[in-house]
Amino acid sequence: MLDLKKLRSNTEEVKKALSNRGEDFDVNVIDEVIALDEERRKILVDVEALKKQRNEVSAEIPKRKKAGEDVTEVMAEMREIGDKIKADDAKVAELNDKINYIMLRIPNIPNPAVPEGETDEDNVEIKRWGEPTKFNFEPKAHWDLGTDLDLLDFERGGKIAGSRFTVYKGMGARLERSIINYFLDKHTFENGYTEVLPPYMVNRDSMTGTGQLPKFEEDAFKVENNGYFLIPTAEVPVTNMYRNETLEGDKLPIKHAAYSACFRAEAGSAGRDTRGLIRQHQFNKVELVKFCKPEQSYEELDKLVQDAESVLQGLGLPYRIVRICKGDLGFTAALKYDIEVWMPSYNRYVEISSCSNFEDFQARRANIKYKNSPKEKPQFVHTLNGSGVAIGRTVAAILENYQQEDGSVVIPEALKEYMRCDLLK
């Protein structure tokens, strides 16, 4: 959520920054919310004047009674003032609801470093690590390798739950688990994160706090009759651990790494990478979440990207980093980098991690603040998160990049102690 004061004082600047945001967003709603706020502020001034008048009249009543004067008219005036205050309070509450409705739907303001552009074609590549894997044979896709090696069962996943669900079997299940453990060990022992194992279901307030609601409700799996949502990412429960809290400034930055299953309806994504493990309704991920002071956040974003890179480098998987353009930025981010791993069957790089700085956008929604001393006025923290990284896509990348001509797959060196084998065959 944006700062309403900033909307009032820098209206045209904000409207310009939010133009071409790629969110089907009409910047004219900013004028609407400012008009509603002006109306609310005017009524609040009137209410304060009425309360002052009521206090003055109330103070006169005992004096008049003591003097033996009739207070009937004064009492009637008191009731009339009270009715006006009640009506104005109701109007303010109505305006608050309207303002909040709009504010929750206004996207974050892009950082000046965000490239101009409308689609992912306009994202800017800033780094490559490793070279795309070359083969002297025709490489297989990960879904064929997974089936041939009896690691993945897409057919039974579909029978159990429907399309875009997968059963991991035998060494496939062990590979998934090994990657999870490797990522968590890397981030906690080497990169300085504190591990969290969060709930997989959250309430509406939590989904609103991180920005999934109200805009993306159709992409979420909702549990009927009780208001719970299955989490689309561990970012939601981990960020909301500190909702409505004031953190100690000297404890920042706080860094958490969390493994979780993730659940996404992916409405409207039919036909886009729906074969194999790339776009599933349920998948595993290790998420990195940070809370820091505003002046720390962009340095922490750079470190976050490096931490996500470290696990891919450890696995020897070639990747590139792109800076996301304005039209592809997403609702909550101020600046975002995607890390894309090389997938031979696609002959292109495929997203495996997104790392974002939300500045105080989520903190305002979730009311997460900090202060450096007990007497200091609390300020909103900056929040960041990144995939550290998606597990299923890592499985796919390993199968495709480490495959051999005979159909076997070499285990990356970093995973051998977890897998207790050198080769999948």
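Heads up, the Cβ atoms here are built off N, Cα and C, so glycines get one too.
Residues or ranges marked as L-serine binding site in Swiss-Prot (evidence: sequence analysis): Thr233, Ala234, Glu235, Glu287, Ser387. In the three-state DSSP assignment, the secondary structure recorded for Thr233 (L-serine binding site) is coil. Within its own chain, Thr233 (L-serine binding site) has Ser260, Cys262, Lys285, Glu287, Asn385, Ser387 as residues 6 or more apart in sequence whose C-beta sits under 8 angstroms from its own.
Here Swiss-Prot flags Arg264, Ala265, Glu266, Glu351, Ile352, Ser353, Ser354 as ATP binding site, drawing on sequence analysis. Proximity of Arg264 (ATP binding site) to non-local residues of its own chain (separation of 6 or more, Cβ distance below 8 Å) is seen for Asp219, Ala220, Phe221, Pro232, Gln280, His281, given in sequence order. Taken residue by residue with DSSP, Arg264 (ATP binding site) is part of neither helix nor strand, so it is coil.
You'll find the Cα of Ile352 (ATP binding site) roughly 15 Å from the Cα of Ala234 (L-serine binding site). In this structure the C-alpha atoms belonging to Ser354 (ATP binding site) and Glu235 (L-serine binding site) are separated by 12 Å. Comparing Cβ neighbour counts within 10 Å across the binding-site residues Ala234, Ala265, Ile352, the minimum falls on Ala265. When the binding-site residues Ser353, Ser354, Ser387 are compared by the number of other CB atoms within 10 angstroms of each CB, Ser354 has the fewest. Shown in sequence order, Thr210, Glu287, Val289, Asn385 are the residues of the chain, 6+ apart in sequence, with a C-beta less than 8 angstroms from the C-beta of Glu235 (L-serine binding site). Ala265 (ATP binding site) and Ala234 (L-serine binding site) have their C-alpha atoms 16 Å apart, to the nearest angstrom. DSSP assigns Ser353 (ATP binding site) to a strand segment in the three-state reduction.
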